[in-house]
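Trainee: Per TrEMBL, active site, tele-phosphohistidine intermediate is recorded for His11. If you look up TrEMBL, you'll see Glu89 marked as active site, proton donor/acceptor. Sequence annotations record features per position, and here TrEMBL assigns substrate binding site to Arg62, Glu89, Arg90, His91, Tyr92, Arg116, Arg117, Gly189, Asn190. Residues or ranges marked as site 'Transition state stabilizer' in TrEMBL: His188.
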Amino acid sequence: MSKYKVFVMRHGEGAWTKENRFCSWVDQRLSEDGVKEALACGHLLKEAGYQLDVVFTSLLSRSIHTAWLLLEAMGQEWVPVVRTWRLNERHYGALIGLNRAEMALNHGEEQVKQWRRSYDLTPPPIDESHPYFLEIYNDRRYSTCDVSKEFLPKSESLKDVLERLQPYWDGTIVPEIKRGKLVLISGHGNSCRALLKHLEGLSDADIVDVTLPTGTPILIELDENFRPTKPMQLLGDQKAIQAAIRKVEDQELL
Ligand SMILES: O=C(O)[C@@H](COP(=O)(O)O)OP(=O)(O)O
């Protein structure tokens, strides 16, 4: 029997999703479609009668704006929004800013798929010569983290994301859920995949086939031991959701 419910969602479409570039820790805003997606999620949850108690986001604007828009559409703007770097998108290292299809031209589609979806492959790290290095590491938000700047990642596999996310899930989010709070996590494609791997008990091989569309709330129902009681549910029009998943999967195609 389900004791707890939690929503996990990837933010609305970001400006660089449209340009097919690895965005990762670069702070791009939502595209016009991304704004519409976030509002539509809010309407969907409102119509279903949900009342949120707390929303967790990353430190990146696209995840925070998604939370704000969703809460506005629900008429629940007062609900606390808690930000943490531990929900940031996976750090794509030297791949940040690069176009996926161009990468496939140079390295092959299979290599790009491996970089994007494998569990324990870490892309080459970012270094100071990278065009976005200073923009990321000189940003004041990263002085507010619970680890000092020099220990923040320079590249991450999905496994690394789960390792930095899990202590926050266990220590901060789970206690809120246990207190009976309805929690929504407005995260990113890969921070949400890491969390779903953990919650759904997916194998390293199975997580490779999980791709998340933007702006789609995923409802997870858990028993008292935080084990799923039913398959996760992507809420909304199922045909549109499948099309949106295919669109993300096809980003590395030539
Ligand atoms: O970093 C990015 O560009 C995407 C994920 O890229 P893929 O893993 O799908 O290539 O993250 P998000 O848009 O969810 O913040």
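Going from the start of the chain as shown, residues are counted 1 onward.
Even glycines carry a Cβ here, placed using N, Cα and C.
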Trainee: Rounded to whole angstrom, what's the largest C-alpha distance between any two of Arg62, Glu89, Arg90, His91, Tyr92, Arg116, Arg117, Gly189, Asn190, listed as binding substrate?
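Mentor: Farthest Cα pair among residues binding substrate: 21 Å.
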Trainee: Taking only the recorded positions His11, Arg117, His188, which one has a CA atom nearest to the CA atom of the residue listed as 'active site, proton donor/acceptor'?
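Mentor: In terms of Cα distance, the residue listed as 'active site, proton donor/acceptor' lies closest to His188.
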Trainee: Once the chains shown are all counted, how many other Cβ atoms turn up within 10 Å of the Cβ of Arg62 (substrate binding site)?
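Mentor: Excluding its own Cβ, Arg62 (substrate binding site) sees 29 Cβ atoms within 10 Å.
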Trainee: Anything within 10 Å of His188 (site 'Transition state stabilizer')? Look among the binding-site residues Arg62, Arg90, Tyr92, comparing CA atoms, and list what you find.
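Mentor: Candidates kept after distance check: Arg62, Arg90.
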Trainee: Give the three-state DSSP assignment (helix, strand or coil) for Arg117 (substrate binding site).
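Mentor: It is helical.
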Trainee: Long-range neighbours only, meaning 6 or more apart in sequence with Cβ under 8 Å: which ones does Tyr92 (substrate binding site) have?
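Mentor: Sequence-distant Cβ neighbours: Phe22, Ser24, Trp25, Trp115, Pro123, Ser155, Glu156.
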Trainee: Between Arg90 (substrate binding site) and His11 (active site, tele-phosphohistidine intermediate), what C-alpha distance do you get in Å?
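Mentor: Distance between the two Cα atoms comes out at 14 Å.
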Trainee: For Arg117 (substrate binding site), write down the residues of its own chain that are at least 6 apart in sequence and whose Cβ falls under 8 Å from its Cβ; none is a fine answer.
Mentor: Leu158, Ile207, Val208, Asp209, Val210, Thr211
Trainee: Could you state the whole-number distance in Å separating the C-alpha atoms of His11 (active site, tele-phosphohistidine intermediate) and Arg62 (substrate binding site)?
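Mentor: Cα-Cα distance, His11 (active site, tele-phosphohistidine intermediate) to Arg62 (substrate binding site): 6 Å.
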Trainee: What are the non-local neighbours of Asn190 (substrate binding site), defined as same-chain residues 6+ apart in sequence with CB under 8 A from its CB?
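Mentor: Sequence-distant Cβ neighbours: Glu89, Arg90, Leu158, Val161.
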Trainee: Quick one: give me the count of other CB atoms within 10 A of the CB of Glu89 (active site, proton donor/acceptor).
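Mentor: The answer is 26.
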